[in-house]
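Each remark here refers to the structure printed beneath this line.
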Amino acid sequence: MLVLLFSQDSNFTKHTNLPDLPACFQLSVLPWAPCIFLWLTSPFYILYLKMNNRGYIMMSILNRIKTVLGLILWIVCWTDLFSSFHEMSQNQFKPPVYFVTPLVLGMTMLLATFLIQYERLKGVQSSGVLFIFWTISVLFAIVPFRSKIMNASQAEVSVWNDRLRFTTFYIYFGLTLLQLILSCFNEKPPHFSSVVTDPNVCPETTAGFISKMTFWWFTSMAIKGYKSPLENKDLWSLNKQDSSELVVPNLLNEWEMEKSKAQSEQSVKEQAEFRKAGPGTEPNHVSVSPEEEEVLLSKRKEARQPSFLRALLRAFGPYFLIGSAFKLLQDLITFVNPQLLRMLINFTKQSQAPLWWGYSLAFLMFGASLLQTLILHQHFQYCFVTGMRLRTGIIGAIYRKSLVITNEAKRSSTVGEVVNLMSVDAQRFMDLTTFLNMLWSAPLQIVLALFFLWQNLGASVLAGVAVMVLLIPFNAFIAMKTRTYQVEQMKYKDERIKQMNEILNGIKVLKLYAWETSFQEKILQIRQKELNVLRKTAYLSALSTMAWISAPFLVALTTFAVFVTVREENVLDAEKAFVSLSLFNILRFPLNMLPQVISSIVQASVSLKRIQDFLSHDELDPESVDRRNNTSEYAVSVVNGKFSWAKQDQAILDNINVMVPQGSLLAVVGHVGCGKTSLVCALLGEMEKLEGQISIRGSVAYVPQQAWIQNATVRDNILFGRPYVEQKYRCVLEACALTPDLEVLPGGDQTEIGEKGINLSGGQRQRVSLARALYSEADVYLLDDPLSAVDAHVAKHIFDNVIGPEGALKGKTRILVTHGISFLPQVDNILVMVDGRVSEMGSYQDLLKQNGAFAEFLRNYSLEDIIEDDEIIDLLLDEEEEEFPDDALSNHTDMVDNEPVVNEARRQFMRQMSIMSNDPENPKKMSRRRRCSERKHPESPTEKKELKVEKLIQAETTETGRVKLKVYWEYAKAVGPLLSLFICFLYGCQSATSIGANFWLSEWTNDALQNGTQHRASTRVGVYAALGLSQGALVLLTCVLWRVYSMLKAARATHLHMLHAVLRAPQAFFEATPSGRILNRFSKDVDTIDSVIPDSIDIWMRTFWSTVNVLIACSALTPEFLVVTVPLMLLYCCVQRFYVATSRQLKRLESVSRSPIYSHFSETITGTSVIRAYGRNTAFVLLSDMKVDENQKSYYPGIVSNRWLGVRIEFIGNCIVLFAALFAVIGKEKLSPGLVGLSVSYALQVTMSLNWMVRMTSDLESNIVAVERVKEYSETVTEAPWIVKDKQPPPDWPPKGNVEFIDYSVRYREGLDLVLRNISLEVKGGEKIGIVGRTGAGKSSMTLCLFRLLEAADGEIVIDEVKISEIGLHDLRSKLTIIPQEPVLFSGTLRMNLDPFEKYSDEEVWKVLELSHLKKFVSNQASKLELECSEGGENLSVGQRQLVCLARALLRKTRILVLDEATAAVDLETDNLIQSTIRTQFEDCTVFTIAHRLNTIMDYTRVLVLDKGKIAEFDTPANLLAQKGIFYGMAKDAGLV
């Protein structure tokens, strides 16, 4: 009917200057359309509301008005209906439309009124469905509105007869318009919603429908971010439905269901399998042996693993599908514009077409683009929010799992791997969700585009498609190669960072030995390899960029060329050419996206498998330890226990029977590795229980052997989630001997402890851990060797005040693992472990009488065994060092930890043998009396320094606000200013050729108008091809010049400057800057300069020029366009400024809040046993959730800011389309169809480029900061020059080795007190000088001054008539030798560690190895001198490392040797070896020894006693003993007099 109507009335509708629609159409289709929409959507809508109830809203005036209007509308519609019936009764017959339409309308108005009320009850503040309904109603009522007035003005009597309907229609129109206006306003928030309670609620929750569609609600933050940099307090709370507390349980429930489903399927299958194998089921059944049956079952078991993917789909799928629906709509609307463009070009061809048709086409294009924008961004919003929830869910699930996995599972995934699951793999999922819809959307777009192209150009399209298909393998090949190069580049980068890390850890040694240049070379070699790979990648990316930019052109070229050459009568006119071009442009995106999406799906599936494997690990059995309060008198009992670390391992503990009475103290002793710690773990339920039973009465507190400290304040570490009680807390601190330590710490108990307790010494960490246990007031205490890490006197204090029979814990049940023999007589019972079994148990006296393993254990702890014990100590030390990386604060030997973590057993035993040599440098071995006397003056320099150092590590500066132009200029300088300009010019040329090609195309299409045939086809094709290909060539040239040459030049220069500056920085710089921060500059920032910035600049230049192109083209064709350009560009700049400022700061906040998630996580993993023992799982889960939410709180506005920007920028783009079309309609007489096609199809592309340009501006601003950060470190203050040309000392200097200090003073840093005050002394060549003194007396400082690691504040040091302050540092340092306190080795060969510059022959090296007692060890190794030392020399024991340092010294053999004696590292035997070697080999050298054991320096020429930075005594040892001064006191303490 409609088609008929239209064909009859086409003159009436289109070809007239007063168009109108037929009456029948106006009465039926127009009013029905909105009704059909509402009736179709309302069932789904009502269902949705039913499921999502937000609480009800009180009846408001707005709501009442809406309802009343709805009812009036219903009455108005039915008035029409009744008047029709009335007329019928008057025998005036009307067509059925007059009955149906009012009936339908009335019913729909009732439905709308019902929805208004239903929404109020369900808490909907603003209704999208009704808004759309009222909008359609008003739009469709405009046509009758106009035609009724037109008809009335023509005064046709018939209309006036129908006055009632005339009136009701205008009432109806007015009311629907009013409803539309009212539906733009919001209701109040529902009762009891978070909006009312939350002070910083996200405005999205209360935003109206329009505000949500255009993201208007975000504007307030954009403005705030523009006015001043955003801070954490400005961020809105996270929406409830995105928060961890809803998302994670939802995902976990689905996962649990999935697991139980898999298990139930499993059991069903197994039963079936078993039945099948039952006897006599089939006549020809072959019997199955039990083994085979087992194999069958195991196969079945593998068959079905629970699928994490299904759980994800069920948890997040429905929400994601809404986004997919939007995507489908958007895909369909995309193809509307090329059709409208065809109509517009047609319109310009027809001279007699009415103008209103052109205008309506222009506005239709604008409407379609606008709708597409809104829908696309809704789709993105849904996708991104799904991605965000996915990440929250996955991180939550992994965190919860990591708290309960078995030790066996822990072994299979390292901490790093699990942190990667959280960061990398969860991130991959998040990235995938944004593009996942492309999987079905890309093929759909391709099919649609090809369909329309086929309609347009016929079979010639296949030529173009062939080109596209051929480009796919080309791109795939490039992608593959790029991937392999990336892997290679990562390998070099990791190597470079590892090397850099070693340099930073051993920087002090490098400086002392003057080895910087050798190591700088090593780094630069690796860097060169890295840059070579980057160069290859750059060539590839140049090719792929060329392919990506030339592809649409090549496709168009082949298609058009084939089209015109196939048949004579094929004419390429504007309509065909430009509609095809716009369709090719649509095709370009899905074709490029598809391979990317597929590769990211592959990556995500790998991630999925890894996450699924982790989540399927076995969990600890919470029932393995019986915690019920049974009423036996034993607090802890183990009966026939057999335990292993993993189910299939052999048992570590076997046949364990232990009964610990309530309130007793049980000591567990035994040799290293006999299973003491395992026993404690078994009691905690950390081990696999193979048989037997354990029961523990009441709560447990646990002190692990290696203290686990959180990155929180000391107080938080001790309270561990319990309420603070002043009195109790003070007692705990006293008992654990922490009060004096807290006086020293800068913030007292509010001092923030670094990661892994880095700014506490080992002993302090252990005591904090003990205090935590004491404060928790548990019933049973499991103490795993807590006394090993503390000094003897502190250990005694703790035993007396905490653990022992009179301590704070008396009356509690305590199990103490210990090596301290002295405490054993005071315990109730002793349990002796031998090889994982309980060998005997009883009181001290009983066990001595039995004369069994225990008595032997006591006897064995005699001196002969100390050596053997030392090996164990070395081992322990190695482990300790792995656990606790070097603290950035304690680089100065002077600040050596008060209690380094060292196995104390041996030393305690030696104390009992009372042959303890004195060690005044280290309070560890100081008598208690002295410790107390020191406490009276805590202001000794060391502590002061600690205080300062604590504040010295400043927070890293983050730039806020706009990036200064200077930074861009810095980068341009690194590239070369002229070159930069030339590259910009080349980008411009690229654009010019592309404009040229398109103008030529429009000329070519005009041929068709003039004569209807193509007589110059070959010329046209030839020139078009030439222009297009020259664009491709220019792209390639620009890319090669930019990527391969300029960018690598900048990358090389920036890295080189920074490396050079960092290696030249003074020692103080490394103490004030954590190595992690320097490494970050060398890894992340350098990487940004290497690969991220070039990409950003490249894309920015492109989008910038293509935007300029569009504006130039449109303005050239229709100069009026310039009038519009100015306000649009102003609007654009305005939006961009708002966006960039806000989004940059949001990115910063997001990255700042991201690292705490991972650091908290890795901290948790290392402390799971402690967390479980104290039963703090839930608290930690909440803490982790809070950190994730905190991070998402800044991530979410970041996503929305992109949507906000997109909608606004695309609106500007849509305006450009509108004006381009409007001006084309206005200038229809002047313009050829080709030019109209050109300007509008250009305008259609502009939205994309505008959008990208803002994004890239923002990215570039975020990333160019890397240049600034690298530059900051390239300009660090350097130390004195390495070589001073005119002051170089003679090659054989120093000939004698005389050293003279003249009135010498020094301080560590500007503004600190002097460490040495007015030291004057003279040392003759060949003298042996021992330096002694208390901690902080300035002993180590003296040696640092000789090497000028500390520069003089006053006075001079003269060595053999040369003032050392005048010569270059390398000249000085290479002529002195030091054997430092901590032996530092670098990864590389042993040979490299001894002689990095390869100055010496192999014979010389072997000689020194023999002298340093390493020859036997080295010659036993397969690779001899090429023995690879691992990072930090981990594969050598500490003693061996010390010997390697001795070998270094012997190899350099300089006139002056400084010995900073190692305390804990070397056992007595090795120490004697070192001393004897030094006596023989350095006989004629001047030796300075900082002595810790006085017996080593008793035969020295003279001894220097320092006290508070001044010389207290200086004479021969004999004279000093006779003087009975400080030295005599020390010797007496050491038992030497």
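A Cβ is built for glycine as well, from the same backbone N, Cα and C atoms used for every other residue.
Here is what TrEMBL says about this protein:
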type	residues	note
TRANSMEM	29-48	transmembrane segment
TRANSMEM	68-85	transmembrane segment
TRANSMEM	97-116	transmembrane segment
TRANSMEM	128-147	transmembrane segment
COMPBIAS	266-276	compositional bias 'Basic and acidic residues'
REGION	266-291	region 'Disordered'
TRANSMEM	311-336	transmembrane segment
DOMAIN	321-603	domain 'ABC transmembrane type-1'
TRANSMEM	356-376	transmembrane segment
TRANSMEM	435-454	transmembrane segment
TRANSMEM	460-480	transmembrane segment
TRANSMEM	537-566	transmembrane segment
DOMAIN	636-860	domain 'ABC transporter'
REGION	916-946	region 'Disordered'
COMPBIAS	925-934	compositional bias 'Basic residues'
COMPBIAS	935-946	compositional bias 'Basic and acidic residues'
TRANSMEM	978-1001	transmembrane segment
DOMAIN	981-1262	domain 'ABC transmembrane type-1'
TRANSMEM	1021-1042	transmembrane segment
TRANSMEM	1211-1228	transmembrane segment
DOMAIN	1299-1533	domain 'ABC transporter'
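Note on the transmembrane segment (311-336): residues 247, 250-251, 254-255, 257-258, 368, 371-372, 375-376, 378-383, 385-386, 389-390, 393, 433, 436-437, 441, 444-445, 448-449, 452, 586 of its chain, located 6 or more positions outside it, place their CB under 8 angstroms from a CB of the stretch.
Contact between the transmembrane segment (97-116) and the transmembrane segment (1211-1228) is not supported: fewer than 3 Cβ pairs lie under 8 Å, counting only residues 6 or more apart in sequence. Residues of the same chain lying 6 or more positions beyond the ends of the transmembrane segment (1211-1228) and with a Cβ under 8 Å from any Cβ of it are 344, 347-348, 355, 358-359, 361-363, 365-366, 369-370, 373, 1110, 1114, 1117-1118, 1120-1121, 1124, 1128, 1131-1132, 1135, 1236, 1239-1240, 1242-1244, 1246-1248, 1250-1251.
Long-range contacts of the transmembrane segment (356-376) within its own chain (CB-CB distance under 8 A, at least 6 residues past either end) are made by residues 14, 17, 19, 213-214, 326-327, 329-330, 333-334, 336-337, 340-341, 343-344, 347-348, 1206-1207, 1210-1211, 1213-1215, 1217-1218, 1221-1222, 1224-1225, 1228, 1240, 1244, 1247. Within the chain, the transmembrane segment (978-1001) has long-range Cβ neighbours (under 8 A, six or more residues past its boundaries) at 553, 560, 577, 581, 972, 1020, 1023-1024, 1027-1028, 1030-1031, 1034-1035, 1037-1038, 1041-1042, 1046, 1101-1102, 1105-1106, 1108-1109, 1112-1113, 1234, 1238, 1242. Listed as Cβ neighbours of the transmembrane segment (29-48) (distance under 8 Å, sequence separation of 6 or more from its ends, same chain) are residues 2, 21, 101, 104-105, 107-108, 111-112, 115, 118, 129, 132-133, 136-137, 140-141, 143-144.
Taken together, the residues in the domain 'ABC transporter' (636-860) have a mean pLDDT of 85 on the 0 to 100 scale.
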